Protein chains: 2
Amino acid sequence: MSEARARLLSTASGLFYAEGLHSVGIDRIIATAGVTRATLYRHFPGKDDLVVAYLTLADEAIRARVDAARSRDALPEDVIRTVARSIADDIRGPGFRGCAFLNAAAEYPDPAHPVHRAVLGHRQWFLAAITELFTDTGKPDPEPAGRHFAMLRDGAMAAGCLTDPEPICATFLRGVEGLLEYRSGLGPDDGA
Amino acid sequence: MSEARARLLSTASGLFYAEGLHSVGIDRIIATAGVTRATLYRHFPGKDDLVVAYLTLADEAIRARVDAARSRDALPEDVIRTVARSIADDIRGPGFRGCAFLNAAAEYPDPAHPVHRAVLGHRQWFLAAITELFTDTGKPDPEPAGRHFAMLRDGAMAAGCLTDPEPICATFLRGVEGLLEYRSGLGPDDGA
DNA sequence: GGTTGAGTAGACCGATCGTTCTATCTACCT
DNA sequence: AGGTAGATAGAACGATCGGTCTACTCAACC
């Protein structure tokens, strides 16, 4: 928890997210953080561990936001809406560069690699969390609904940094709303 | 069109797609292709140009498949279904590693970079093509429908290489079908 | 028959990669 | 007062990066 370690992780996160994992070297990180090589290797065994720490940080931040939405809104539908709105805010926000996890997976395809596994872990949690929210709504077929939500999210985050984010956010939020609203008229056996 | 150039581009494409752009070096490419360094630099000014050529190849392949679907099916709805099915087949196929363009954009965030611009070009074409297909159906709001389709596609391709592709394909195809079917009951002014 | 273009083979460039090392300094804890 | 942990500074490691270079071979074409 030393100050140098915090500065290191913070600047590394910024650089990794903005420019990519392989494009950012150790030299850039320590120079930007104003820290020595030895200090980095005191806190992190290697670059891979620094990347994993970066993803862990992002994972915790997102979990915290979902938890906050959970405790703020009473109805599970509203929690889902709040989560969707927070995703849209991210996409609209300055410096948005897509999903940190999808970007990481693109650079680390090997399923056995710690970085790739960190991505898988986060995505597994997210799908379970959003599916649970759909379950809480009491509507039929929460599982395909959760998958549908996650798919829209992935697509929105992937596209949001490549063109004008406004129409992407509009499409995403409308898709989520449709997923939420029109399912209420459905029976339990006609899919999603 | 020399044989060496074709071999070069083909093996480079395979390596780039499977392992990432920055992870694959010139040495690996020429060794795998069984070609000399000088031969590579005779046909491509630099690595960036090789990457762009790889994306151009992928772009042309996809355009050809959409054209084929266009000329095979009579109804625009069926063309859309055929395109969606071909995307699902890709995701299910062996060695699927996500969308080559989204992966490339993750590694080349700079909008001015030729590789990034190639990604943008492909995506711009795809959105226009799919929107045109929705326009041809005569149903209302083809533009948001096209955007919705593209978003589902992006999400499906991003997720398809991270977990079991089967449920992802199911969610994608069901989403497209919903987009196609339930829109027929809508008026012109209630969004998508 | 000579020129030209495409290919092979391989040395070589500077730069950067991630990593390890020694040495010194400083602040805090007992 | 002494010891330890965390930080600084900076040299050095081998490996690899993308790219350039010279020298030689071979086949096709005018």
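Note that Cβ sites are derived from N, Cα and C of the backbone, with glycine treated the same way.
Please treat TrEMBL annotations as automatic predictions, because they have not gone through curation.
Pulled from TrEMBL, these are the features on record:
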- A:2-62: domain 'HTH tetR-type' (DOMAIN)
- A:25-44: DNA-binding region (DNA_BIND)
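Assigned with DSSP, the residues of the domain 'HTH tetR-type' (A:2-62) fall into helix, strand and coil as follows: 48 helix, 0 strand, 13 coil. For the domain 'HTH tetR-type' (A:2-62), the model's pLDDT averages out at 94.
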